[in-house]
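Below is one structure, written out as structure tokens, with a few remarks after it.
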Amino acid sequence: MARSALAPAWLPYPESVSDAHHIDPVMWADGVERGGDGVVTVHGVSVAKLAEDYGTPLLVLDEDDFRARARAFRTAFNAAFDQLCGGVDVYYASKSLLTVDVARWAREEGLRVDTASGGELALALRGGVDPADIGLHGNNKSDAEIHRALEVGVGRIVVDSLDELNRVAELAGETGQQAPVMLRLTPGVHAHTHDYIATAHEDQKFGLSMATGRNGEDSPALEAVRFAAESASIEFLGLHCHIGSQIFEAAGFGAAAEKLLTFIAEIRNDAGIVVKELDLGGGHGIAYTPADTPRHPEEIAETLAALMRAVVDRLGIDCPRVSIEPGRAISGPPGFTLYTVGVTKTVQVDDDHSRRYVAVDGGMSDNPRPVLYDADYTAMLASRVSEASATLSRVVGKHCESGDIVVRDGYLPDDVGRGDLLAVPATGAYTHVMSSNYNMLPRPAIVAVSHSGPRLIIRRESEADLFAREVGLADVPASTPTTTDNGGS
Ligand SMILES: *Cc1c(COP(=O)(O)O)cnc(C)c1O
């Protein structure tokens, strides 16, 4: 066997058995290794043991790695921005992965928490996060969500439109409160991987446009700033932007910061309005495959601080206090998903090429990203080492969709088969939080593994959970025995 012509250019062909079983630290959590017996371990606990105790599919989180990544952002950004603006507040974007334990880890590592709905807000509060350390996002917050945020006293409400600004002022006014408000602007900078593009106009649902009207009318951003600064019911904190995800270079963040700092200088000079805070959002990239080349937070922080220092010096303004909102860069790499292999088959694609399909016991219900975004992942044989030659394989799920792909392209040993465990790295973010019960599959458990051992933090759903909202069930006699145990593989 050799490289397949069907393989994408970025996919490295494993030249040796050790290549094929290599734990690449860029994609895997720090606590993951391959033990002497060839079985993958997390802090010394074998995945075979985890699968036996908790079943598969299983989301495994290296708690120490999560904490280390959270700390790295806080330390690196505070060091780089200390002189410029007195430090940085790091808001963990909880939409990427949120459980009460995860909220606690973020809090214990000195992070604040971003939420994007009443549900996320409620869970962060249950996780013990100080309301003053919580931000509430969302382009269409309900009155109930705004009320709750005001009632518990969140540190900031990130307002997305003029319409919402009015509503927040109204609701805060009714209770005689001052709502702490950041305004989300669209700076016309869209960053993706190694490049960013700049556009004057925005055609998207998020944020307040910074572009002036066709007849020279004030931009919605300027209108909102004026309103926020004048309203007795609003404590105007500052400006926010979020320019995309999977950003690997500081330049995109720098371009957005420059656009906002220039605006900040203008409103100070023209209207005497002081902006105290500037939030540059999240989107820090991670390695889903070896083709991705994320930078250490230190490098992003230092480059960005230098860019911003030059801009504030040129504009002659004080730099507002900076905040950032990393999500996947903290929660993605600590996680991997463990699946058990079931059916395998080889499909002849054309006269010269075949592809091996390896079906696992989960799929688009536990990780919808491949279906939603054509996202690439990698998979590795985790329960043993194989000498068999590498075959181009497609790891698929068990759902009734041909698009139900877990790993579109990967080389797996030819003899991978029923009962083997496959591990897919970098699945901590946007999997659990986006999971569904499609095809009535119970959602997987999450086990957190730290240096002190494994701990179940989300149990696997049972058949009873699947039926829990069936109002009609009370009227149906239980003629067939139901099991509540879906924990096995
Ligand atoms: C999604 C989101 C984030 C986090 O994005 P990541 O790519 O996970 O870092 C941060 N801020 C806002 C406003 C977001 O919508």
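Cβ atoms are placed via backbone N, Cα and C, with glycine included.
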Given that TrEMBL records Arg328, Arg369, Tyr373, Glu401 as binding substrate, the matching residue among Tyr339, Tyr357, Tyr411, Tyr430 is Tyr430
Which of Gly252, Gly254, Gly272, Gly283 shares the pyridoxal 5'-phosphate site with Glu325, Pro326, Gly327, Arg328, Tyr430 in TrEMBL? The record says Gly283
Arg328 (pyridoxal 5'-phosphate binding site) sits from Tyr373 (substrate binding site) (Cα to Cα, rounded, in Å) at a distance of 15
Of the recorded positions Lys95, Arg369, Glu401, the one whose Cα sits nearest to the Cα of Pro326 (pyridoxal 5'-phosphate binding site) is Lys95
Three-class DSSP assignment, Arg369 (substrate binding site), comes back as helix
Over the domain 'Orn/DAP/Arg decarboxylase 2 C-terminal' (343-428) the mean pLDDT stands at 97
Sequence-ordered list of residues in the chain of Glu325 (pyridoxal 5'-phosphate binding site) that lie 6 or more positions away and have a Cβ within less than 8 Å of its Cβ, or none, is Val90, Tyr91, Tyr92, Ala93, Asp114, Gly135, His242, Asp279, Leu280, Gly281, Gly282
